[in-house]
Amino acid sequence: MFYLTIDILGTVAFAISGVLVAMEKKLDLFGVLIIAFVTAIGGGTLRDLLIGNTPVAWMKDLTYVSTIFITVVFAILFASKLKYLRKSLFLFDTIGIGLYTMVGIEKGLQADLLPVMCIALGTMTASFGGVTRDILCNEIPVIFRKEIYATACILGGASYFLLLQFSIPERYAYIAAILIVIVLRLLAVKFSISLPNIYKKQEE
Amino acid sequence: MFYLTIDILGTVAFAISGVLVAMEKKLDLFGVLIIAFVTAIGGGTLRDLLIGNTPVAWMKDLTYVSTIFITVVFAILFASKLKYLRKSLFLFDTIGIGLYTMVGIEKGLQADLLPVMCIALGTMTASFGGVTRDILCNEIPVIFRKEIYATACILGGASYFLLLQFSIPERYAYIAAILIVIVLRLLAVKFSISLPNIYKKQEE
Amino acid sequence: MFYLTIDILGTVAFAISGVLVAMEKKLDLFGVLIIAFVTAIGGGTLRDLLIGNTPVAWMKDLTYVSTIFITVVFAILFASKLKYLRKSLFLFDTIGIGLYTMVGIEKGLQADLLPVMCIALGTMTASFGGVTRDILCNEIPVIFRKEIYATACILGGASYFLLLQFSIPERYAYIAAILIVIVLRLLAVKFSISLPNIYKKQEE
C-alpha cells in the first residue's frame, strides 16, 4: 500500500509535467495525452524491461492508466490557472524524480540487485520518462541541462542505503531519500550549482 | 494461419513504407534495407518486449526477415514506377497501421491483458515502427502530425471489442476493425479532420 | 573466461569512444560518465532485451559498471594526450564494433537462434551503443554515415559461420571474425568504399 501510494503520486507528478510541456508546445488533445502517458510510464517501463518484470507494471491493471487519464483531465482544466508553467513544470518534474528514484530502488531490491545497480535502476526510472518527453517535444533532454539532475537521484539513492546502515527504519529512510532528491535538485537550481569543470587542461 | 497472414501483410506494407521514406532521403542500399527492416519490425518488437514474449517474434524463424528482404528488393525494382511516392507512402503506412493494430490486440489477448491494454498495445504496435522510421530519417514523427493517427488505431481497436459484444464472429470483427482503422485515417486526411483545440482559453 | 575477456575489451573500447564524443561536446563530468556508460552497455542491453536475457548482463554483477568507471577515469586523465580525438574515436569505435559483433553472435547461439538472426543480433549489439551515443550527443548516427559500418559487422559475422564450415576451430574463427570486421571498416574508410548507388534510374 505504502509503495503503491508513492508510485501513484510519482505517476501524477510526471503526468502533470508531461501535460505542461505538451501544452507549451501546443500539441493537440491526443498529443497532450500521449506525452503525459509516456512521461508517466516511461521510467517504469524501462525499469521493468531491464529486470525482466513483464508484462510491464502499467499493463497489469487499470491503476496507472486511469490515474494518468484523470490527472490529464484535471491538468488541462486547471492549466489556465497555472500562470507560471515553467515553474510548475520544474516543481512537478522534481517531485516526480524524487518519488520514482525510490520506486526504482525498491523494485531493484525485489529483483535481488546489488545496491549500486538499484541506484542506477532508480536513476533510470526517474529520468527516462522526462528524457523521452523532452526528445518527443524537441527540447534538450532535462538530464543534459546544466543543473544537477541525475546526480540528485544518485545521491538520494545512496543516502537511502546509508540511512539503512544506521538502523533507521526502512520506511523513514525511504521517505528521507525522496526528500533528499527533491531538496538537492531545488537547491542546485536555486544556487546554480553544477558539476566541476573537467576541461581546464584542454582549454588552456 | 489467418493471424500469420495478417501479420505478414502488415510487414510487407510497413517495409514498403520504409523503403519509400528511405529512398526519398537518398539513403544508400544498406540504409534503405535497415529503415525498411526497422519500420516493419519496430512495432512488433516493442509489443513483444512489453508483454515479455522473448526472443521477439521476428527472431524465432525466417518468416519476417525473408518477407522484408523480398519486399525491399521488389520495392526498389519498382520504385521508379511509383511516381507519386508521397501518396503511396501514405497508403502503405495506413494499411500497415490497420493490420498491426489488430495483430497487437490479438497478442495482448493471448497475454491475458484487459481490453483497454490490448488497444494500447495495438496502437503502439501500429505506430512505433513508423515513429522510429521518421526519427531515423529526421522527419516529424507521423504520430504528431495534424491528422488523426493513433486515434484511428484506438477507435478501430475499440470497435473490435464492441463488435464482439454484438456476437459478431471473431474473424469478421477482426477484419472489420482493420478496415475501420484504414477508413478512419483515409477520411481524416481527405477531410482534414483533426482533434478539438484545447488552447482556446489560454489564447484569448 | 575467453568470452568474458572479449566482452570486457569491447566495453573498454566503447566507453573510451563515449568519453571522446562527450568531451568534444563539452559535457560536464556526469554527462561524460553517462555517455560512456550508455555507449558501452547500450548494445548489450538491447541484445539481452531482445532474447529475453533479464536482468540484463550489466546489472547482474559489478564487472561492467566498474570496468566502465575505471575506463572513464583513465580516459579523462589522459584525454589531453589524445591530440587527435577524431582519429582515436574512430579507432576505438571500430575495435568496439568488432568485439561486440562476436559477443552478440555468441549470445544468439546460446539462445538457439538461426545463424542469420545471430548475425542480426551481433550487428545490433555492435551498433546500438554508438547510435545512442550519437543521438544523445546530437551527431548524425555513425551507422548512417557514408562508410560501410553495419555491413562490416554483417560480413564479419557471416565469415564466422563460413569459417566454422571449413572446420576451423571455434576460437580461431571467433578471433578471425573480429579482425575481419575491424579491417573491413578500416579499409572502407581508408579507400572511401561505400555501397552501390541505387538511385541512378530515378535521377536520370
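Every residue gets a Cβ built from N, Cα and C, even glycine.
If you look up TrEMBL, you'll see C:5-79 (among others) marked as domain 'Glycine transporter'. Across all of the domain 'Glycine transporter' (C:5-79), the predicted model scores a mean pLDDT of 90.
Here TrEMBL flags C:6-23 (among others) as transmembrane segment.
Taking Cβ pairs closer than 8 Å, the transmembrane segment (C:30-50) reaches residues 7, 10-12, 14-19, 21-23, 56-58, 64-65, 67-69, 71-72, 75-76, 100, 103-104, 107, 121, 124-133, 136-137 in its own chain, all 6 or more past its ends. Marked as transmembrane segment by TrEMBL: C:30-50 (among others).
With a threshold of 8 Å between CB atoms, the same-chain residues lying at least 6 positions outside the transmembrane segment (C:62-82) that come near it are 4, 8, 11-12, 15-16, 19-20, 23, 32-33, 36-37, 40-41, 44, 88. According to TrEMBL, the feature transmembrane segment maps to C:62-82 (among others).
Annotated transmembrane segment per TrEMBL: C:89-107 (among others), in sequence order. With a threshold of 8 Å between CB atoms, the same-chain residues lying at least 6 positions outside the transmembrane segment (C:89-107) that come near it are 3, 6-7, 9-10, 13-14, 16-17, 20-21, 24, 43-44, 47-48, 51, 53, 118-119, 121-127, 129-130, 142, 149, 152-153, 156-157, 160, 174, 177-179, 181-182, 185-186, 189.
Residues or ranges marked as domain 'Glycine transporter' by TrEMBL: C:91-163 (among others).
Residues annotated as transmembrane segment in TrEMBL: C:113-136 (among others). Remote same-chain partners of the transmembrane segment (C:113-136), defined as residues 6 or more beyond its termini with a Cβ less than 8 Å from a stretch Cβ, comprise 14, 17-18, 21, 35, 38-47, 50-51, 93, 96-98, 100-105, 107, 142-143, 149-150, 153-154, 157-158, 161, 181.
Under the heading transmembrane segment, TrEMBL lists C:148-166 (among others).
The transmembrane segment feature in TrEMBL is assigned to C:172-193 (among others). Tertiary proximity for the transmembrane segment (C:172-193) is limited to same-chain residues at least six positions away from its ends with a CB under 8 Å from its CB atoms, namely 6, 90, 94-95, 97-99, 101-102, 105-106, 126, 146-149, 151-153, 155-157, 159-160, 163-164.
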Composition by DSSP (helix, strand, coil) of residues within the domain 'Glycine transporter' (C:91-163) = 59 helix, 0 strand, 14 coil
Same-chain residues at least 6 beyond the ends of the transmembrane segment (C:6-23) with CB under 8 Å of its CB atoms are 31-32, 35-41, 43-44, 63-64, 67-68, 71-72, 75-76, 79, 82, 85, 88-89, 92-93, 95-96, 99-100, 102-103, 129-130, 133-134, 137, 139, 174, 178
Counting each residue once, how many in the domain 'Glycine transporter' (C:5-79) are helix, strand and coil under DSSP?
-> 63 helix, 0 strand, 12 coil
